[in-house]
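Visitor: Pulled these from TrEMBL:
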- 7-244: domain 'Sulfotransferase' (DOMAIN)
- 16, 17, 18, 19, 20, 99, 107, 207, 222, 223, 224, 225, 226: 3'-phosphoadenylyl sulfate binding site (BINDING)
- 16: active site, for sulfotransferase activity (ACT_SITE)
- 208-217: disulfide bond (DISULFID)
C-alpha cells in the first residue's frame, strides 16, 4: 500500500543552518518519511530538466497517512527554486531553518576549510577571505548566503508567509524538543516526538537521537570546531548583518536572538 510521492513538505535551507539535524530529528516521527540524499532538483538546471517523474523516483516509499520530506539547503538562496516549487505544488508547506548569520558564515567557511584540507588543497585564513583592503568582502558567497531578507523576498513573491515555518537553528541544537513540537503543529501531525528521543552527548557537545531502540548521532563532519575569529572582524560582520536582520524580522513578524 505504499508509493513514491512528490514531497508534501520541503526543507529549503539554509546551508549550515542545521538542515541535516532537523531532517534526522523529524525522521523519528512515524508519520514522516525522508529522502536519503539532497536532491537539488529545483536549484540545479541539469536535474530540473529530467522532470518531475525523475524527482519522484528519488523519494522514499510512503503510506497515504505519511508526509514525504526532502531537504536541499541550496533551495533557499536559489533564484529559480521558489517559482519551480510553486509550479509543482502551490500549497506546499516549507521548512526553513536559520541561525545567527555571522555564525552561519563561519560554519560555511569551516566546512569548505576541512574539505580543502582533506583534498590537500591550499586554504586561506577566515580573515583573509572576509576582509579585503580593510573592508568587509561582501561579495564572499558565504556572506551573500546569510542575507536572509534578500532571499526571503523571493520566496514571499510565490508563497504566503503561513506556508513557511521558520525553525530557530540556534535553539534546535540547544533544546530540540520545543522546536520540533512547533514543526509537528505546523504540519498538522499528532505529537509523537518526545524528550526521551534525545540525549546529550558530552563528547560531541550536542544532542543525539534515540528511537526504535537505537541511538545515532550526526555525522562527524557536523559540529566541527570553528576557527577563533578576530574580534574586529566579528564586529564588522555583526554590523553588516544588523540592518538585514532587522528587515528580515519585519518580513516574517518574528525576532531572533542574533547579534
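Each residue, glycine too, has its Cβ placed from N, Cα and C.
TrEMBL: automatically predicted annotations, no manual curation.
Looking at the shown structure, can you explain where the listed features end up?
Guide: Averaged across the domain 'Sulfotransferase' (7-244), pLDDT for the predicted model comes to 95.
A simple way to gauge crowding: the CB of residue 107 (3'-phosphoadenylyl sulfate binding site) has 22 other CB atoms within 10 angstroms, across all the protein chains here.
Within the same chain, the residues at least 6 positions away from residue 16 (3'-phosphoadenylyl sulfate binding site) whose Cβ sits under 8 Å from its Cβ are 73, 99, 104, 107, 108, 111, listed in sequence order.
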Visitor: Roughly how many Å separate the Cα of residue 18 (3'-phosphoadenylyl sulfate binding site) from that of residue 217 (disulfide bond), to the nearest whole number?
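Guide: One finds 13 Å between the Cα atoms of these residues.
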Visitor: Please compare the recorded positions 20, 208, 217, 224 by how many other CB atoms fall within 10 Å of each one's CB, and tell me which has the fewest.
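Guide: Checked 20, 208, 217, 224; of these recorded positions, fewest Cβ neighbours within 10 Å: 224.
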